[in-house]
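The feature substrate binding site is assigned by TrEMBL to B:Arg160, B:Leu161, B:Gln162, B:Asn193, B:Glu288, B:Asp363. The adenosylcob(III)alamin binding site annotation in TrEMBL covers B:Pro194, B:Gln246, B:Ser296, B:Met402.
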Amino acid sequence: MTNLPVHGGDLALWSALRRHTQARIGLGRAGAALPTRHRLELQAAHAAARDAVHSPFAPDTVAAALPGTPTVRVRSAAPDRLTYLQRPDLGRRLHPTDRAHLPAGEWDVVFVIADGLSSRAVHEHAAAVVHATAARLDDTWRLAPVVLAEQARVALGDDIAHAMGAAAVVVLVGERPGMSAADSLGAYLTHAPQPGITTDAHRNCLSNIRPPLGLPYETAATKLTALLTRARELGHSGVDLKDETALTESAADQLPR
Amino acid sequence: MSYTSVLGGHRHRFENLARLLAAASPERSGDRLAGLAARSAQERVAARWALAEVPLTAFLTEPLIPYESDDVTRLILDGHDTAAFAPVAGLTVGEFREWLLSERADAAALAALAPGLTPEMVAAVSKLMGNADLVAVARKVRVVTAFRSTIGLPGRLATRLQPNHPTDDPAGVAAALLDGLLLGSGDAVIGINPATDSPRAVRDLLELLDGVIRRYAIPTQSCVLCHVTTSVDLMERGAPVDLVFQSVAGTQAANASFGVTLGLLDEAYEAALALDRGTVGRNVMYFETGQGSALSADAHHGVDQQTVEARAYAVARRYDPLLVNTVVGFIGPEYLYDGRQILRAALEDHFCGKLLGLPMGLDICYTNHADADDDDVATMLTMLGVAGASFVICTPGGDDIMLNYQSASYHDALYLRQVLGLRPAPEFEAWLASIGLLDEGGGIREVLGEAHPLTAIGRDLAA
């Protein structure tokens, strides 16, 4: 690949402009088309994203990264990846037999680790975010066992929290992979979720958790702790719950709801 | 009323027109998600047999969504032009397909017919058509609109230059803008999807684009794709708004989910007309649509996703838009699963919009969780080029770093113009020639090491 010729991309101007954008500018041409190097680079990025979408979730990997933390495994009602991608409604509902695995209790918050659209993001980042957030919550917070959810969308957390009697749910979910990032983790906080009634307007979101290029674990944990605390005081989460640590919600649309 | 047909020794019954249309639709994931799709391949064909027998007038007497509860239905029925409808008023849907494919349906006849057609009629006939039929008929329809450039002329293909940036960084936007201009893109519009809808941020981008267009005397128009209420606010404050943008859908409830009413659109349309910023035309609106938006808003009223999409075009045509863009693979695989479904939807939307008299273009795109790739983009682009699409959306390298999806690239538009002999909008083509970007064959000259006057756009902002 390094032997492929470089086209317009080596001009000083394009080098200067690339400091301002990751857009694929100044690629040069092969006739009307892209030079081979850039065509293959695009295919490589797309391949990474496709593999992230279709790699199977490995709950053992996540559980192993959470030593000493009790975990529970559940599936959504979507039986396989093909169905999951076409039926978001099934990804938002618990598998009927798995509901019984969830221990009910007086939980203040349950963390749900959901594969979403990138298992890779979850494998790489979810345990660290749970760990860092739990460390910041004082002993007034009763933490439920961490739920590892397969073929899961964000709203599956509503069903899980409801079944366990948890007052709030934080869903850590693999975001829809883009061409520049296939390992981006999102976090959705919902206070007092009600399955089928709660909408996205009732949630608060952090996205692009993926150090070193995206949001660091410590920052994400600080923001999540502040949001959880504020939601508990107000008795609700959602659009009117402002993050006073200035979080961005611009990427919220990319999360697999 | 209900509809029946017999196929494979079985009698198939469809309880009403909406169910019949849904069952007749080519397979797509969104109709399955909504529980509206045919339950078997044979049921689908049975529905088409029954649909072929339905008179076109049925769509005027049996509204899919009640007149009383939906302002899009009222817009469609109140605005129906009976005189224009006369040439096909006696036809069934099946006969209408044959009429459209016949030589009688030439460009003049189709243009005259447009006000007599409703979205439901064109959606219905599309369900009896193959992909080639959709191309053959759409190719005959020319819809010409203009602002500072003229869109939709025969033998022309315009492009939207889409220099998005995830934080609206001016230098980042300018870099992608320069890249597009040097590749001959931007004659339909230079349009940015902003990272936020804040009036201040939108205004900054409008000023940036307006500055470039003025400084280089580019015969095109800009648009920052914000909510219509933001545009109205900015126009009142004297911001340089060329085109008013809005996403629209095919039901009152789906439009409400976008925060839009016909009254708001009327107000914005009048305000944009009053600015009178066009030079060669007065088409001032830019609409985007896409199959799945009504279902996504839980506002489809049991109407299949292709038919409800066609109803959005009734909203668009009320405002004589410069551009209507169906963003065909954007929402995701739960609505259009793979390249095959996206292609079919692209051809349907283009066909339906054109028959209704709209300047249709496409964002030929896919997300990474759909089963599609850049080969699907090439296939779609080629078919839509042959079908006579007015414009396509183009991004640097086909990779939109703000919206995180893949679309056509500036290079793809060069390819399409090259293989089909299509040229840019005439005013823009003359401008490309004037700045030395047009080669002897009418193609875009490759700018290599030497400095081109346009590169000052990047140099200024990157400094």
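Using N, Cα and C of the backbone, Cβ positions are placed for all residues, glycine too.
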B:Glu288 (substrate binding site) and B:Met402 (adenosylcob(III)alamin binding site), distance between Cα atoms, whole Å: 17
Minimum Cα separation from B:Glu288 (substrate binding site), reported as the residue among binding-site residues B:Pro194, B:Gln246, B:Ser296 that achieves it: B:Gln246
Alpha-carbon spacing, B:Asn193 (substrate binding site) to B:Ser296 (adenosylcob(III)alamin binding site), which is rounded to whole Å: 20
Alpha-carbon distance [B:Gln246 (adenosylcob(III)alamin binding site); B:Asp363 (substrate binding site)] in Å: 15
Local backbone state of B:Ser296 (adenosylcob(III)alamin binding site), from DSSP in three classes: helix
Largest separation between Cα atoms (Å) of residues that the record links to adenosylcob(III)alamin, namely B:Pro194, B:Gln246, B:Ser296, B:Met402: 22
Sparsest-packed among the binding-site residues, when each Cβ's other Cβ atoms within 10 Å are tallied, from B:Leu161, B:Met402: B:Met402
Listed in sequence order, residues not in B:Arg160, B:Leu161, B:Gln162, B:Asn193, B:Glu288, B:Asp363 with Cβ within 8 Å of the centre of the substrate site Cβ atoms: B:Asn164, B:Val189, B:Gly191, B:Leu225, B:Asn325, B:Ile393, B:Cys394, B:Thr395, B:Ser407
Whole-number Å value of the largest CA-CA distance among B:Arg160, B:Leu161, B:Gln162, B:Asn193, B:Glu288, B:Asp363, listed as substrate-binding: 15
Top Cα neighbour of B:Gln162 (substrate binding site) in the set of binding-site residues B:Pro194, B:Gln246, B:Ser296: B:Pro194
Where B:Arg160 (substrate binding site) sits in the secondary structure, as DSSP reduces it to three classes: strand
